[in-house]
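What follows is a single structure, and I will ask about it in a moment.
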Amino acid sequence: MIIDTTEIETINSFSKLESLKEVYGIIWMLFPIFTLVLGITIGVLVIVWLEREISAGIQQRIGPEYAGPLGILQALADGTKLLLKENLIPSTGDTRLFSIGPSIAVISIFLSYSVIPFGDHLVLADLSIGVFFWIAISSIAPVGLLMSGYGSNNKYSFLGGLRAAAQSISYEIPLALCVLSISLLSNSSSTVDIVEAQSKYGFWGWNLWRQPIGFIVFLISSLAECERLPFDLPEAEEELVAGYQTEYSGIKFGLFYIASYLNLLVSSLFVTVLYLGGWNLSIPYIFVPELFGINKKGKVFGTLIGIFITLAKTYLFLFIPIATRWTLPRLRMDQLLNLGWKFLLPISLGNLLLTTSSQLLSL
């Protein structure tokens, strides 16, 4: 049987095209993930710079000013310094738990960004259970902190890990109940649907006005989940040296440093999505498409405006947790647990009951 050379060349060209399609398909799948990771990294750098500048202003001192223009590259310089430091491991600790703990904390928070809409349907995964996916994933992070504390074989580290687990359990329940109230109000658990439900009524349709009690409980619970003052008991310097971070150095310590700011950013983004209308500007009697002529200029410009509005709301809200760091004193452990179980939990349950009743009456 004789096969023509042209047929062989045609078959080879088809196989090359198929392989190129597979490569391009993989690149196209990874491109949104890479873009999201790059955006999150830049966002964390901006948060660190903002916190240092605001903290310097509150304390009436000069903030970072040498690393880059206005000191904006200070966080990058700190990260480079941590990368170059020696990575020490306790000789008497559990090496596996000690090494895995920081990675679990960072990865679980990173996954939360996959359900955050930064613009009109600009979301990595528009899940029907988006907000509860975030709550489920974020509950894994304290497991990593507990593993880090136990694997360090240090009493201060272990106590810090236990505190992190107890604090997370205490405040995740009120947080979840507030999110459930929002889901009932929006008739959906998708983050995109929640934003669109708020956009129907303009500025006064934000869940900030429709759920004021839930917003306050959500704000306090998210601060506790981020372990920000006055809820930073797992790493209280005066009591536990550095808590579960005591034995860490180098890149592993840097992962905890990144995780804290990632958690702060994701909490602020969810406040924007759940309570502040997301990517909708919602100025009374003025809508973003008519204001900027988005319908005339195409979807790309509208998407960019949506991203800008979302990030602007997020960074404006970030002033609250940064200001509370230098305003409020740290709570005791018994005060923290009492606040979560005796006050926030009953209030969030009452808010859920009121929301359910109002939804039934509106039918």
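Positions of Cβ are set from backbone N, Cα and C atoms, glycine also.
Pulled from Swiss-Prot, these are the listed features:
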- 30-50: transmembrane segment (TRANSMEM)
- 98-118: transmembrane segment (TRANSMEM)
- 127-147: transmembrane segment (TRANSMEM)
- 165-185: transmembrane segment (TRANSMEM)
- 203-223: transmembrane segment (TRANSMEM)
- 248-268: transmembrane segment (TRANSMEM)
- 300-320: transmembrane segment (TRANSMEM)
- 336-356: transmembrane segment (TRANSMEM)
Do at least three CB pairs under 8 A connect the transmembrane segment (165-185) and the transmembrane segment (300-320), leaving out pairs fewer than 6 apart in sequence?
no
Using a Cβ cut-off of under 8 Å, list the residues of the same chain at least 6 residues beyond the transmembrane segment (248-268) that approach it.
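Residues packing against the transmembrane segment (248-268) from afar: 40, 43-44, 47-48, 78-79, 82-83, 85-88, 98-99, 102-103, 105-106, 109-110, 112-113, 116, 134, 138, 141, 148, 152, 222-223, 225-228, 314-315, 317-318, 321.
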Please report, as numbers and ranges, the same-chain residues at least 6 past the borders of the transmembrane segment (98-118) whose CB is under 8 Å from any CB of it.
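The answer is 36-37, 40, 89-90, 124-127, 130-131, 133-134, 137-138, 140-141, 143-149, 151-152, 191-192, 195, 244, 247-248, 252, 255-256, 258-259, 262-263, 266, 269-270, 273, 278-279, 306-307, 310-311.
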Who are the chain neighbours of the transmembrane segment (30-50) in space, where the CB to CB distance is under 8 Å and they lie at least 6 residues beyond its ends?
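Same-chain residues near the transmembrane segment (30-50) but 6 or more away: 64, 70-76, 78, 110, 113-114, 124, 258, 261-262, 264-265, 311, 315, 318, 322.
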